[in-house]
Every structure is written in structure tokens, then in C-alpha cells.
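Trainee: Supplied in C-alpha cells, the structure appears directly below.
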Amino acid sequence: MSSDHVDILVLDGGLGTTLEDVFHHDISSPLWSAQPVEHNPELIIGAHTAFLDARADIILTATYQSSFETFERAGYSRADAERLMLKAVDLAAQARARYIHDKQGTAPRIALSLGPFGATLSPAQEFSGFYPPPYGPRGHSAGGGNTAAFPETDAGRREACAAEDALAAFHLARLRVFAGQRAAWAAAEYVAFETVPLAREVRAVRRAMGVLAGELRARGQAVRPWWVCTVWPDGAFPEEGVAMEGVVDALLGGAGPVPWGIGINCTSPERVGALLERMAECVGRRGADVPCLVVYPNRGDVYEPSTRTWRQAGPQEGWAGRLHADIARAAASGVWRQVIVGGCCKTGPAEIAALAMLVKQQ
């Protein structure tokens, strides 16, 4: 559907929390939603189908936590890690094929879900960005003294450059798994980098996609549209000293490929409206090619990394209506050429169905 001539597509909701809340499956493992890919593939297909039945236009693969590091920690070999990463994409494709066969409708799309490096750590660090060397200044410490920023010294700047190099290598290695199998790469129409908490990781993602694009073109494969969504706990970017303008500069400035879409995910819906206004201001001032906007907040709950649980915070009612109003204002701003909107953690098929009803009635 469209708002003021800007197309709006509906994304699915939080796959991992839907497996827990709707399908009552325990996924408290380092692999999160990737865990049932091996042992209960029909569960993954069922969750994808539930979002398609809720009228989502795009579903995200069960690969957010997938990396060699997380699979190794769960006891898998590198070969098995690759096999399961690719299987997760195939399960999304199977869900889509069944949906098309049963509904005889328009084919939904698949986005390859890729979390940040912080999603591989224990406790998870996608909401804080406390990465250990060589990816950051120091890992998370329960005793305090945590920081995501390097010191503003010559040595600190060298370490920051080395950290960006390490993060680019991390993302490229994972991307090559999916791009290396033509069927998997063809199945996913988008590549989604999600919940990125650091400006240097945004730049690292762009560098990784630049290298991958060259490799894909050399093999005659398509470069998929890709987006980068950042995370804003409590309405602030996790990296100290970096505000919206710095994040947008990391997303769109400098040399290298520019994302097809940028946005915000797994952030409280109460914060999204103001953040989108600020992002639109920063993007509009650049005068560059207009990107697409991708927004999928959580339900408003607060994640506790140490226990891998969510704590309810604030009102849960009206999630879809609030988000739809924010997106309608963003679409009317004239900054974005297209909008993708959905939900993240603790949003399930019911929330996406309510959102889709509002979006598609326009």
C-alpha cells in the first residue's frame, strides 16, 4: 500500500519471541531462533506461515544469531554451521512456497536476517556494543567500567580502525556462506543487517557488502537490496558520543556502497516517532539519493541479557496504531522513497495482523 505515493510494505514480527510466546517453544540457547532449524524445522515453517497469514509482505529468516562463533559455542562444526545457516533460508522458502500454493496470492518476499557481532556474545551485546578486542576496546564486565568507545588518542584511533577491520571480516565471512550457495542467495530478496549498536560496525557492514558485491558480480549473481537498522535503547544510541547525525553519516557518508535502506529496529515504540523525525532531518540535509526507511520496533518490553528474558515495561495496547501513525508521518515527510514497517521482539502475528490492516486499508 502507499501513503502520499510512498509504498509501504509490512515486515513480520519477532521470530524468536513468537516461537516462545505463541508456539511455546523454549529457545533459551546461544542460537536463539536458529536452534529449532536443526531439531524442529516444521516449527520454523509454522512461525513463518503465521506471519504470512497475518498479511506480512516480507518474512525474515531464522538466522539472526547465526554465525560460526555462535554455532561453535553450541557445539557445532564449521561445516554443520554452514549447513544450518543455509537450511534456515530454505525453511523460509518452503514456508513461502506452501503459502503461495494454499492462498494463490501474491508471492511474499524473504529477507536474510543478520544480527550484529554483539548477538554472538554471551551475554548478548547488541543493545550496548561492549565488544572485546579486536572488535572493541573491552568486553562486557559485570563489575562495571564498560565502554564501547575507544579513547581519542593516536593509539585509540589505530585500535578503532583495527576493530572496524575485524568487524568487516566477521560480516563478510557470514555473508559468503549465504552468497556461496546460489539457491539460498536467490531465495532472499533482501539482506537485513539488524540491531547494529555501533557506528564503526555500520561502516564495517558497508565495507563487507562492497567486497561481496564485487564477488557476486564476478560470478554473475545479483547484488540484493540491503538495509542497516540501528538500535536505540531508551532513545539513545549505545555508542558514547554518537548521536543521530553521526549514525546517519556512518550509514550514508564517505566512500563505499550505500545501503538501499536504513532505519531502526528493536527499539521502544514510544521512542520511534521522535527518532524518525531526527533521522529524516539528518537524511534530508544530505541531499543525496533518497534511501528507503525500514522500521520495526519491539513491543516496548525490556530485554535482560543475563537471563535472556524480557520484562514488560509500559503499556502494551495500541502498538499497531502508534506505529502506523509514526510511519504515516514519515511517509508524508518527502524524505523516503519507500517504507518497510514491522515488529521486532515480543511482537507476534497478532500485532502484525493489526498493523497490516491499518497499512493496507490506505
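Glycine is no exception: its Cβ is also placed from the backbone N, Cα and C atoms.
According to TrEMBL, the feature domain 'Hcy-binding' maps to 1-359. The Zn(2+) binding site annotation in TrEMBL covers Cys266, Cys344, Cys345.
Where in this structure would I find these features, and how exposed are they?
Mentor: Less than 8 angstroms from the CB of Cys266 (Zn(2+) binding site) sit Glu126, Phe127, Glu194, Thr195, Val231, Tyr296, Pro297, Asn298, Cys344, Cys345, each of them six or more residues away in the same chain. In this structure, Cys266 (Zn(2+) binding site) belongs to neither helix nor strand by DSSP; it is coil.
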Trainee: What other residues of the same chain, not counting Cys266, Cys344, Cys345, have a CB atom within 8 A of the CB centroid of the Zn(2+) site?
Mentor: Gly14, Thr17, Thr195, Asn265, Thr267, Tyr296, Pro297, Asn298, Gly343, Lys346, Thr347
Trainee: How many other Cβ atoms sit within 10 Å of the Cβ of Cys344 (Zn(2+) binding site)?
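Mentor: If we count other Cβ atoms within 10 Å of Cys344 (Zn(2+) binding site), we arrive at 28.
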